[in-house]
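Let me begin by presenting the structure, written as structure tokens, before commenting on it.
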């Protein structure tokens, strides 16, 4: 009965083994090209291949030929809506990153045009986002204070943007997109909520009209700054802030309740800007304690490649900032893109999308833009044309409407940002995480507390660290289950899980549920020893263990240490008078067991079985003892 | 037929669920106390508990009462043998670490005494080792040149030793011993071989009699230094070196061939020292180009706690060096201890052993010793008493025999070191790794090349990084197998692995072979899409897929992202007209699926099965089509 696998045509022994190179090739493909992006090219003519390749690189070629008037109508409305959101948000986010407000508008002009040509999502609009802005501002501020040397700060911002773009594009080109998967959902929930609170706290400067605000970001210094400067609070600003904040939150609430009234929340920011600007202008409120944006220079983006700095000390800061903001903005962009693609049932190639976003940021860094990404505003975009409409609207604003912003009060921008980020605090999701998985909640809480009390980047680092440590811990401490027979069947299942499952006397059947490798062989050895001792202590003399059966169905891989573990286990168990049998090793594991067997000859005739049931049946017949009943 | 689990008494629904705290407690125990060290205390009287606890902390209490004269005879011989090896090696290794030779002897006196009281291995002897010495020397040399300020260098060495000890002890106390498991076998093979070569290269200085040797360690600078200083080569030294090297290697070879002649290789180093010292003394060779150790101060270790430095700049260097040497020497000590324990069938508690080694180093750092660990010399030790004998022999040497070393030539010490480290180059093991697992071999090669061409610590870092990255990659890219029915059975196995397995039309049965978590849900989504597209393209219209069956036996855990993956998969497959069923989710996965079902109600009546066979049978009966034959 042993070696049942062969009877059913196990390929490891019968057919010639595939070569090392062929196997490496397959593994390489499954690792880096799991979505097989070149599948569509197969069996096409050369011309068709070129056309497909062009469409792959420039998705615009895919949708532009089929573009219709009805699509354009939707895109026009969507583009204008997005623009009305993007203009006040762009100004606000640039201020969040300690950059001149105009940079936010520049960043809503060039990148959307690039994305319209290269991007493959139909639902996303491009522009600066709150969290990447916050991180860039706080990381660069560690190297240079924006107030001391604003030009150097701007240079560093563009340089970081370039590195963010290059890094994003190379992740895509090297098919390493899975790196962003290491930001787990739980991490993101905690991180986003923390960041939203930090961003909102920063707005207290504008909302309370404080002019000497702390330069730090975490909760405690900001709050202490707020309450030590009560003499700087301006009641006019506070009043205006509360009114507009209530208005904006109300608009948001209405739109959330009834998605058809989306236009209310979409129009509210621009409405607020217009009304508040008019109020300031009418009452000359800028002379009564209300701070305003001030003069903004008319005109489109100027080239900025001469502002990129690659010298010594600042280079490292720029690279680090680029890496972190690049990853964070990718996470947002790709995650949102994937969600909408799966909702509307089309495919997004994450790696391709990373190249598009990366190239967009690289181009942006040379045209006075800072880091941007793709976000969804629920505005009903149909194609990337909506990005073009938005960009054109921003262009008109840049060319002709800049003087109007001179009287826009900062407090309204603060209210707009708070309204925008409040949605990042997702309490129901956090509660669901708590209900599902306490460890995940711990990760989530660490990210949140780290961001709020230490710093944005440290909170993120801690959360990612814990996530990875947890995965490693799962590997170092693989689960093992003692299996028992479910009466009336020849199934073997976990004793803990199935009440009716019962032990077979003389047998210890263990299911190992992880790849066996260097990180867990020591543990497995010790844990198996303990299982055997506990079993023997319980069973007593007459039913002493005779067989240890390892159910390997769930062992997806072994490495050299794992093979050594198997051979050593055979030997050490033999010393204790136990025989070891293996059940259902999967492909790679089976192959390596066989190769090890060729080298060491450690597998006896009754060492390999296809199911635990067969192993028990076959081995019981060897010992001349009453066999357990089998079906 | 759905929800078969319940019928067989699945505990998740029937019995009351265990509380969160109880579950966390169990998980904590399985993670940090898998060997259940307190098991022996259960059901004992208070007095017995105290006695057991004392024996746990001081294993000497365990063996000392049973100690006998015959054991002492073995230990006496073994102790003297070890001492004859330890004395020349101690001097040599101290030189390797750029420390005064006498420190090597000090380090073979106090630590063995501490280990005799605290250590739990019977087979190990304590003393300095080559690789930890090499690493300590090379890391400290980055902060201060031993020739420029030997006193400061010595201070840093003691401080690093203290940190190494504290770090080792705290790993043990915090039950974090598994950290050393992250140095995989393949990593160690490559690393050890590389380090052996680096160590041997350093001996060229002594073997060729070069006085102006490079201060760097990697292959290229050393070789270029050797061949640029041919004028400094001393033929007397080279001749003497070759003779003793041949003698020592020959002795080693004979002992390897015939383990009973162990005493030949054990006695060879001391014999060489005695003969060469006599030769130098007789021929006054120190005046003819042969460099000698020179005067060594008589007397025992002096206290060195006043030499520990904790100030600013050097503190960081000392901590880093302590960490690295601490981990490396633990790896050697614990691995060897475990090997011998399993050979002689007794238990070693890795965490307890770490505390012993850690404490030993902490004490050592205050008594003029540098970092030491436990190694096996195959000298036939029976108990830790052999360490006491060795320490006493070293003590006698320190008190009375030091003047004899004044004429010992350095070239012999070099030959002794080379002979000692040549055994670290394990070519057959490397070949076995190559045969078993190409990726493991890559790790091994990286460690080797990194150590030889870059630096010892960078090579190690690279190899550990690759090992961990590889584990993470396995999780990010979990294996999925398409299963088919093995005719004549109701077993389902991988189509790639079993030639006879055949597909069931209308069904796609996928086995997922890894925990499903944040790091792989995106991949699983994309890969399943591709499986379905490929399947549909192959099957054609009449056998279009109706059911996607996920066989979850091998999914040992899910996190929040994994649950979202399940619910999203249900939805997106429904859009494509496919139903999803899950087969045999194990304990934790089942529980979470149920909790998610309570929250989202996504599991239909035919969503859960105990085996793939039952799922196919039950679902086929739903579609009124000819069902596949089942046994």
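A Cβ is built for glycine as well, from the same backbone N, Cα and C atoms used for every other residue.
The structure displayed is predicted, hence computed values, not measured ones.
TrEMBL has this to say about the protein:
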DOMAIN    A:497-619  domain 'STAS'
TRANSMEM  A:99-118  transmembrane segment
TRANSMEM  A:125-145  transmembrane segment
TRANSMEM  A:151-174  transmembrane segment
TRANSMEM  A:186-213  transmembrane segment
TRANSMEM  A:233-250  transmembrane segment
TRANSMEM  A:262-283  transmembrane segment
TRANSMEM  A:314-336  transmembrane segment
TRANSMEM  A:388-406  transmembrane segment
TRANSMEM  A:412-434  transmembrane segment
TRANSMEM  A:441-469  transmembrane segment
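According to DSSP, the domain 'STAS' (A:497-619) comprises 57 helix, 22 strand, 44 coil. Note: the stretches the transmembrane segment (A:314-336) and the transmembrane segment (A:233-250) are not in contact (fewer than 3 CB pairs below 8 A, sequence gap of 6 or more). Taking Cβ pairs closer than 8 Å, the transmembrane segment (A:441-469) reaches residues 131, 134-135, 138-139, 182-184, 186-191, 193-195, 197-198, 217-220, 324, 328, 430, 433-434 in its own chain, all 6 or more past its ends. When Cβ-Cβ distances under 8 Å to the transmembrane segment (A:388-406) are tallied for each of A:99-118, A:186-213, A:233-250, A:262-283, A:412-434, the top count falls to A:99-118. Tertiary neighbourhood of the transmembrane segment (A:262-283): same-chain residues 81, 84-85, 87-89, 240, 244, 247-248, 251-252, 254-256, 290, 292, 377-380, 404-405, 407-409, 411-412, 415-416, 419, selected by CB-CB distance under 8 Å and a gap of 6+ residues from either end.
Per-residue pLDDT, averaged over the domain 'STAS' (A:497-619), rounds to 83.
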